[in-house]
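A short worksheet on the structure shown next.
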Amino acid sequence: MESEVTSHETYQKCFAPNLFLNTYFSENGIAFANGYIQFVIENMHKAFISDGVQGDTLLDFGIFPILNHLFPACNSFKEIIITNVLEQNRQEIESWLKNEKGAFDWSATIKHICELEGNRDKETEIEAKLRKKVKCVLKSDVTQNNPLDPLVLPAVDCLITCLCLEFACKDKNTFCCALNNISSMLKQGGYLILVGALGCTDYMLGERKFFTLSLDKEFLEKVIPECGYDILQLQTHILPNPDPQSIATYMGNFFVLARKQA
């Protein structure tokens, strides 16, 4: 059990993608039970459909092997680049992209998207579209000046980081540096979508506890403009009755849509 910050080595050794996805993102998992999936999908849908977030390239930074936030983006970008810090998570994502047996089943999330769009017959179409749009899956480390080192990519139109920075950063200064690091890869006038947990201190995976940096709305309202963005939206979803005995201790979630200043 970790007493404080969970090291990169511990993540590499102990993080099990299938266990994580089945625990948190299956149809009976915490992400559905606590309203996280609905909150994210509805805000993503609004950003891409109503708010006109679109472009050529979307770049995603992750620490978990999750795809739920990318399905709504398929019609708004020509290509999607997925990055993740852990090799086992990149393998899990690649397995789904190749439609391999044993890959995680995202159909419960896709069904929710279809219901939101008023078309329940598009489930296989949405899966196929994301598989087609993903250009590559790369290694990343948001705590490095160039998160994709040694690769250098052209600046992109949109950055998404979903349940990533607060799990990858040991303190708020590191969080600010990480946000600046990924922001260096975004065009001026480009969009940042930042999704995460509020007041989360840790989460359990099997018998192991993993550290999380606790964030609040006031900190986000301060740090995002300091990193060179205009906040267009900052939505929160607060759990009505947080369970102190839950395997994930948190107060709610946030969704930020921001635009990089020229």
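Yeah, the Cβs are placed from backbone N, Cα and C, and that goes for glycine too.
The model shown is predicted, which means the values in this text are computed figures rather than measured ones.
What TrEMBL records for this protein:
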- ASN89, ASP141, VAL142: S-adenosyl-L-methionine binding site (BINDING)
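Note on ASP141 (S-adenosyl-L-methionine binding site): other Cβ atoms within 10 Å of its Cβ, all shown chains, come to 19. Around ASN89 (S-adenosyl-L-methionine binding site), a 10 Å sphere centred on its CB holds 22 further CB atoms from the protein chains shown.
Other Cβ atoms within 10 Å of the Cβ of VAL142 (S-adenosyl-L-methionine binding site), summed over all protein chains shown, number 24.
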